[in-house]
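Taking it in order: structure first as structure tokens, then the write-up.
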Amino acid sequence: MKAIVIGAGIGGLSAAVALKQSGIDCDVYEAVKEIKPVGAAISVWPNGVKCMAHLGMGDIMETFGGPLRRMAYRDFRSGENMTQFSLAPLIERTGSRPCPVSRAELQREMLDYWGRDSVQFGKRVTRCEEDADGVTVWFTDGSSASGDLLIAADGSHSALRPWVLGFTPQRRYAGYVNWNGLVEIDEALAPGDQWTTFVGEGKRVSLMPVSAGRFYFFFDVPLPAGLAEDRDTLRADLSRYFAGWAPPVQKLIAALDPQTTNRIEIHDIEPFSRLVRGRVALLGDAGHSTTPDIGQGGCAAMEDAVVLGAVFRQTRDIAAALCEYEAQRCDRVRDLVLKARKRCDITHGKDMQLTEAWYQELREETGERIINGMCDTILSGPLG
């Protein structure tokens, strides 16, 4: 049996590894000639860390995951802690530590684990067709590839998703812009083992430790889509949006490199009622494009891969296996997308009354409520 995997990002490579472990040959195709990850880093929470270990890639997490031991929310003006707490209870309950990791490092290490020579780059899909014998995809260079099944892990702009769904869903603008990048850890910004978030005015500024003595940082600002802003205006834009914010925020704006800082308009897509059509399955962002507000986008793709591998260990009947994959994943990924959307709206001031109430909750937070919510999300994954 042979699978075609479209996409060599986190989801596609996880899927290829999972299928190979289940005894299925995989050919992996990637649209671009060189993968340049969107975003500087990614939060891999314990459900994702467990998936990586299950797939044989646990060493990547241990080596490149940042030392995240505490969380704190800080007042945007004073910079004083609204709440601060240890993540030890989360680690104890979930059985794994969270591992924030540079996207470039994660992508590189996963690609090396699978084998760079085992990915065909510069292969952008145009269409697919299925018949009784299998499924065929065509690429923009005029070539084609055939297999017994097809895993569409080609991202939030998936070219194969309309074929699976029977319609072309529209991406929904979540209402805010995110700037992100990496800076050297500086205790004047935040403790080096803590996820620190400054909140106020429906905006936030976050710092999270990754490997090699660096912070992953991001700024969120509710804004209309399509503003004419770029790297040339980046520092001035952030200085304007965060005028009057605490000294560490000003120091971060001064320290960042505009040329390596990403500006992303955040979108999601309404959850789908299906992930499979015939021999073709959606996986990762192609199947559940989410906002990053609960840090579960990458983890969900890893979960997809683990479930995909498991169903093919149970049966070699493609229809039955993919039907079971869909049954196990549809509700889970819908829940994650909608949880992230709800968190997004509260964080970014869609209704400022609710956002102000959240700020007040943070001032009374011991950590227990936040950790309970995170554990609920994490432990609902396929590996518990």
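Each residue, glycine too, has its Cβ placed from N, Cα and C.
Values in this document were obtained by computation on a predicted structure and should not be read as measured data.
Its own atom aside, the Cβ of G297 (FAD binding site) has 26 Cβ atoms within 10 angstroms in the protein chains shown. According to Swiss-Prot, the feature FAD binding site maps to G11, E30, A31, S43, V125, D285, G295, Q296, G297, G298, C299, an assignment based on similarity to another entry.
Taken from Swiss-Prot, the feature substrate binding site covers N178, R204, Y216, F217, F218, and the record attributes it to similarity to another entry. F217 (substrate binding site) falls within a strand segment according to DSSP.
If you measure from the Cα atom of C299 (FAD binding site) to that of Y216 (substrate binding site), you get 18 Å. When each of the binding-site residues Y216, F218 is scored by how many other Cβ atoms sit within 10 Å of its Cβ, F218 comes out lowest. Cβ neighbour count for V125 (FAD binding site) (all protein chains, 10 Å cutoff from its Cβ): 23. Local packing around the binding-site residues A31, C299 was summarised as the count of other Cβ atoms within 10 Å of each Cβ; on this measure the leading residue is C299. Neighbour counts of Cβ atoms within 10 Å were compared across the binding-site residues R204, F217; the minimum falls on R204.
Here the candidates are the binding-site residues N178, R204, Y216, F217, F218, and by Cα distance the one nearest A31 (FAD binding site) turns out to be N178. Same-chain residues with CB within 8 A of the center of the N178, R204, Y216, F217, F218 CB atoms, the substrate site residues themselves not counted, are W179, N180, V205, S206, L207, M208, F219, D220.
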